[in-house]
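Data block below; observations after.
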């Protein structure tokens, strides 16, 4: 299952975006951004269906039928994929970026004693034929020595290729590694935001002690409340793409879309606010449990409705809609086209890392805020613990992350395509696509 999911999730987003790369007119300027949004909507909706409909099928008809339904769906998915395969755009893989990174790192160590000359017009750089990058950027400048040709007769073969690719790399290889290093700080801010999404086990404890009845006979399972987060993010993405953006464009009289960094920043800020709201809700819940005399029984249900948790899910869903989709767009826009699969996986890697960070925070809280005469904030008895303090801690970390993000965003500089973000890249897509038809022969150029 891990191998299958890894193959699908690591490629499907980038593969879908590849189908739209040729669109470069103003009519299709925002279609790639819409694709990212709706991809996230469908992914969330599928999880929502699995948590509701499939769980109901398993309970009503048994596990054999419950597991059989996904099997049939995957068979149909596989058949539809191969039947439509002839009409797909399938770019050929030109290079192995992982080997390229290794070569840049090894070459930077081997050439560590070479001194770079500032603005030397006679400096020679190794680059791929047809590459738009003939001169490396000035950021992370110490890596530029990797693509400097010190002696053309020794460093290059007659056909222009490097005689030792582990000592001389192309400008493109250097810039790809620089691009990845450059986005890591902003990636780390998203990882910290995802910590808030990893609190589902504690929310399960809260919901299980609250009144979950919709009617006198129908009660929502505590484990199904996570579906409200998926539902909220799906609704927000749909509203953003089909209502908010068209309405804002109509009011301003021209196409209007917020920048990618603005979307990410807004998502971080709202995520912190959602934890503050959850802290307030938990304080009211805890006080209600004490007032009703059930503080010693963490399994007892109180009269406070579990629907009080919905404002938190509403805000966190909006945060996911802005930050999650914004990060995917940002990575796909800012990283080179050859790293599109890497770009589409950075957000998922951040979620995985966030799970580890969330576990670390809980361990620290339990280790430092507990004792013989003091209950831990995250006590197994939720009524005697102080989960509200724990949520305030996460809210504080969230607001600190927002400040950290502002610093990272300012240090990063402007995005590709300017304020147009990913739409700007779509308009420039035709020029990039033309480069893909060139051969991979290497050459060199001077700074002048």
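Glycine is treated like the rest: Cβ placed from N, Cα and C.
TrEMBL tags one of the stretches 346-369, 418-441 as transmembrane segment, and that stretch is 346-369. Record note: among 168-186, 187-205, 206-224, 225-243, 225-243 is the stretch given as transmembrane segment by TrEMBL. If you look at the transmembrane segment (264-281) against the transmembrane segment (37-57), you find fewer than three C-beta pairs under 8 angstroms, all six or more positions apart, and that falls short of contact. If you count C-beta pairs under 8 angstroms between the transmembrane segment (389-407) and each of 37-57, 63-84, 225-243, 346-369, the highest count goes to 346-369. If you look at the transmembrane segment (37-57), the same-chain residues 6 or more away from its ends with a CB under 8 A from one of its CBs are 12-13, 16, 65-66, 69-70, 224, 226-227, 230-231, 233-234, 237-238, 240-241, 321, 324-325, 328. Counting only same-chain residues 6+ beyond the ends of the transmembrane segment (63-84), those with a CB under 8 A from a CB of the stretch are 50, 54-55, 57.
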